[in-house]
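Shown next, in C-alpha cells, is the structure this report addresses.
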Amino acid sequence: MEPISWPNALKSILLATLIAGTLDAVAAVAILGKFNYIRVFQFIASGAFGPAAFTGGSEMVWAGVGFHYFITACFSGFYILLYQSFPVLRRLHLAGGALYGVFVWLIMNLLLLPRTHVAQAPVTAKSAFLNIGILILMIGVPIAYITHLFFSTEENE
C-alpha cells in the first residue's frame, strides 16, 4: 500500500471521531449513564480533575466532551496506522473493527483509566461484556469501516 495520504488521514480521523465518538457517547449516556449526560461527561472529566469534576458546572461537562472526542480521535488515528501496516485489516475490515473494539477496551481499562483520577468499579464479566460490546459496535467497527472507505482501493476490495 502507498504511504499515508495525510489529507485522507485527517478527513478519516475527523469523520471517524465524529461518528464513533457520538455513537459511543449516546451508548454511554443511554446504557451506562441511565440518560444522565451531565454525570457521564463529568465522570469522563473526573479522569483529569478528580472528584471536583462532579461539583463543577457546565465547564466540567464540556471538558468531559472534549476528552471523550480527543481520545476517540487518538484511537481513530492509531487505527489508520494499523490499517496501513496490516493487510489483513484491508481484507477483513469489519472483523478488524470488532477486534479493535476489544483492543480499545483493554487499553482503556488496563493502561489509561488506572492512571487517572477516575474511581473504578470492580470489573465483572457482565460489565466487561457490556462495555466491550459497546466499544466493538460504537468505536471499533465504525472506525474500521470509515478508515476502509478512505483508504481502500479497487484491488483491495
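Cβ atoms are placed via backbone N, Cα and C, with glycine included.
A TrEMBL annotation is a machine prediction, not a hand-curated record.
The transmembrane segment feature in TrEMBL is assigned to 12-32, 60-82, 94-113, 128-151.
Proximity of distant same-chain residues to the transmembrane segment (128-151), defined by a Cβ-Cβ separation under 8 Å and at least 6 residues beyond the stretch ends, is recorded for 1, 5, 8-9, 11-12, 15-16, 19-20, 23-24, 26-28, 31-32, 72, 75-76, 79-80, 83-84, 89-90, 93-94, 96-105, 108-109.
Among residues of the same chain six or more beyond the transmembrane segment (94-113), those with a C-beta under 8 A of the stretch's C-beta atoms are 47, 71, 75, 79, 82-83, 86, 88, 120, 123, 128, 131-132, 135-137, 139-145.
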